[in-house]
Each structure stands twice: as C-alpha cells, then as structure tokens.
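A.B. asks: Before we start, here is the structure in question, set down as structure tokens.
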Amino acid sequence: MVNISSLWQYLALQSPLQSMSGEQFNITKMGLTTYSLPQLPYAYDALEPHISAQIMQLHHSKHHQAYVTNLNKALESHVAAVAANDIASQIALQQAIKFNGGGHINHSLFWKNLAPAGSDETSLSAAKDLVTAIESTWGSFDNFKKTFSAILLSIQGSGWGWLVREGGQQGGLRIVTTKDQDPVVGGDIVIFGVDMWEHAYYLQYLNGKAAYVENIWNVINWKTAGERFLGTSSSDNMPEL
Amino acid sequence: MSSTLLRTVPALRGAVRASGALKPASALASTSFVRSKATLPDLPYDYGALEPYISGKIMELHHKKHHQTYVNGLNSALDTIAEAESKGDFTKAASMAPLLNFHGGGHLNHSLFWENLAAASREGGGEPDGALKKAIDSDFGSFDNFRKQMNTALAGIQGSGWAWLVKDKTSGTLGLVTRANQDPVTGPYAPLMGIDAWEHAYYLQYENRKAEYFDAIWNVINWKTVASRFDKA
C-alpha cells in the first residue's frame, strides 16, 4: 500500500496553534516531506518494444516531474495560507494538491508495477496467491484480463484503471477507475494500475489505444502486484513512495 | 449548429424488422420515419494547412481517426437508444446518457473546432475586428488580456478537455468556460471559439510542452468564423 500518510500528516498539522509562533512556515521546517521524483527501477528503454523509451523518458522525467514540482508548490502555498489563517486560499489549493499529489502517487505506483517483458517479475508464477484470487473472482485469468482491458478502454478522457483489494488487506479484488489524477483512496489497496492518459501511449500507438492495452500485459510486474496483494511489499511504504 | 453535421437518411427500422424484407417505398409511408445520422464533416482545408503550428500528421489523425470514432460512437449510441425505446426499455435508453454525451459532445466539439481554425496564410491568426473586437475589449479589457485568460484556463485543465470563448445568450456578454473530456457547451452559452486541450491535439508535435501549443494556436484562429458565430448567437 502506498503510504500517503505524510500528506495526511501534513493536513493534520494545520491546527491554529501551528500558526501562532509567527514564524515563516515551510514544509521542511514543519518536518514534512518535500516530494521528489523517484528513480525508475529500470532503464527508459527496458519496456521496449511494448512501451518506447521516448515515452518512458518523457513520462517520467517531464510529466511525473511536473506533478512533483507542482505538488511541492501547492503544499508550500498551503502552509503559507494556514499560517495566515487564510481559509479561502487553503480551500482554493485543495484541487491542485489532489491533482498533483494524485499524479505523484499514481505514477510512483505505476512505475513499480511494470517490469521488462520476459523478466522473472512479469511471470504469473511470481504472484501465485494473487492469481488464485483473480481466478476465483473472475472465473479465469483470461476473463479477468478481458474485463480489465474493456474497462480501461471505456475510460472517457484521462484516467487510470486499477486492480484493488477493496477496503484493506482482507478485502476482495475489484477493478476500479479514477479520473484524471485522482488517486485510489479510502482504504482500498492498489495491486497494480494502468495509465490511460494519452501521454502514456500516444507517441507509439497514436489513436490505437487498444493495442497499448493489449501490450501492457507483457510488462506488468506480477511480483510487485503479488506483494501488494499480500501486504508484504516494503518498497511502497517509503515516504517517497 | 452547422447543418453539415447531421445528414438526413431514411431509416426503415420498424417496417424492415416487421416484414423481414424491404417493401416498396409507398407501402412504408406510414411506418417509416426520417432519422438523422451523424457523419464526419470534411475539413475546410488540407491536413497540412495549419503547419507549422499544427502538424499535418496531427490534423490527419485528429480528424480521420479521433473525430471519426466520436461519429461512430454517437451513431451507435443513438441506435442503441432507438432500439431500447422501441422495446419500451427506458432504463436501457437512459443508461446510454454518458456515451451519448461523450460521443455526441466529441462530434460537436470537433466540428466547431475545425471551423474556427484556418491557415495562417489565409483567414487564420491576427485579431478580430468590428463588433466582436468591441465585445472582447469591453468584456476582457483587451484582446491581449482575453488571450492571456484563455491560455490560463487551458493550462488549468486537469486531464482532457476544452476551453471556449462563449456568448451568454441571456446577458449578451462574452465569457470563458472550460469543459471536461468531451462535455459540450450547452445551456445559456453559445460556443464561439474552442481550443482542444486533449493531449492527442498536440502531443505528436509539442509532447509535454502544452504551453507552446496554446501559444501557437492563436496563429490559426479563424476570426471570421468566430465573428459570424458571435453575430448569430
């Protein structure tokens, strides 16, 4: 499960007492994380031919970076608004925090649930328990794949498709979509996600998003997915996601 | 809305299904009805006409593939609704609302968009004049200010969507609105000029640098079209 507790911790720290010291607030002084772009766990060209190196490079170094930069900016402004008891500005910043914070969380999860085709991580045998749960939920793995793919293709506009464990570590499996950069929140555990923004595939697949969806299955990191399913994934719990 | 958007074709739904065969037209007079089918409108210029601001490749894919998909999706949604309606299955008909909105909106938005663009060497670019210029000056302060506000609105779209210069039909004033995904401009607003902020509208040429696309597109805005929509609204 992704740890977004730093964001919640940040929001929880907005008590009026915090602003009485008269100090200039910033995220670092409050002991909060300034978010930074995580390194990819593989080279930009590692997912070829299914996702081109050019897409990966832009997607990571430009798009994801922009979410990180704008999240930090929004959080800084928010801290200042809290210090100034400016509730209107705090409210006005919520959407930017959600969008850019979501963009940061979603992409961080996404990179880790991908791996080079043919690697051990992309083998279904790396996630035996998860595969068993998928088969019992959807009848067969093939049926799950078909269902998930159809849901991805039905997204209108920008968004994400996710396999989640509903409500927590004991929950059942479910496919959900989120629009734009809305993150999965509310206790659902992300097993893996697929980015359906056009920037995730357009340079290579153009308007042929069905082919992108078909090919993404070759680079799903089932090892990561299986660990998230079992709650044994340690890497996602870092403050930096 | 331009009359070229909808082409009228006769549909013989009830009669054909009932008899299993086509009857002479005269026999159908009481059971046939006229149905409009959406079709892809021709572009009023070549795919390469908006270069270097919008590449020919983008225009070709955008028109021939993306817009065509909305046209197909709209017709398919309308067919499903008509079919459900004929069976009295209104739950099914109502469930098509999101697809109708998405594909219908996609068709309307793109049809308006193509016509409010033109080659920089022809009607494209520059600034509006006459009554439209006056209205922009009065409602936005100046053309420059309007352009700045429109670009800020475009940059602020989170995800896919559009920004529009609109005329409020109740007050007669101009305004800026954004719409998510393919939501069309409706209600009291008449769309005068739209800019597509979906990634497919610019990504092949501008990649993640969407601000450059938003700057460039002003070179190919067809103010003649915008002025004529303003006059009619």
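Glycine residues also receive a Cβ, built from the backbone N, Cα and C atoms like all the rest.
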A.B. asks: From A:His59, A:His78, grab the residue that TrEMBL records in the same Mn(2+) site as A:His107, A:Asp195, A:His199.
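C.D. replies: Answer, per TrEMBL (Mn(2+) site with A:His107, A:Asp195, A:His199), from A:His59, A:His78: A:His59.
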A.B. asks: Other residues near the Mn(2+) site, CB within 8 A of the CB centroid of A:His59, A:His107, A:Asp195, A:His199?
C.D. replies: A:His60, A:His63, A:His64, A:Phe110, A:Trp197, A:Ala200
A.B. asks: Taking only same-chain residues 6+ apart in sequence, whose CB is under 8 Å from that of A:Asp195 (Mn(2+) binding site), what do you get?
C.D. replies: A:His59, A:Asn106, A:His107, A:Phe110, A:Trp160
A.B. asks: Mind giving me a neighbour count for A:His59 (Mn(2+) binding site)? Other Cβ atoms within 10 Å of its Cβ, every protein chain shown.
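C.D. replies: 24, counting other Cβ atoms within 10 Å of A:His59 (Mn(2+) binding site).
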A.B. asks: What three-state class does DSSP give A:Asp195 (Mn(2+) binding site)?
C.D. replies: strand
A.B. asks: Average the per-residue pLDDT over the domain 'Manganese/iron superoxide dismutase N-terminal' (A:34-115) and send me the rounded value.
C.D. replies: 97
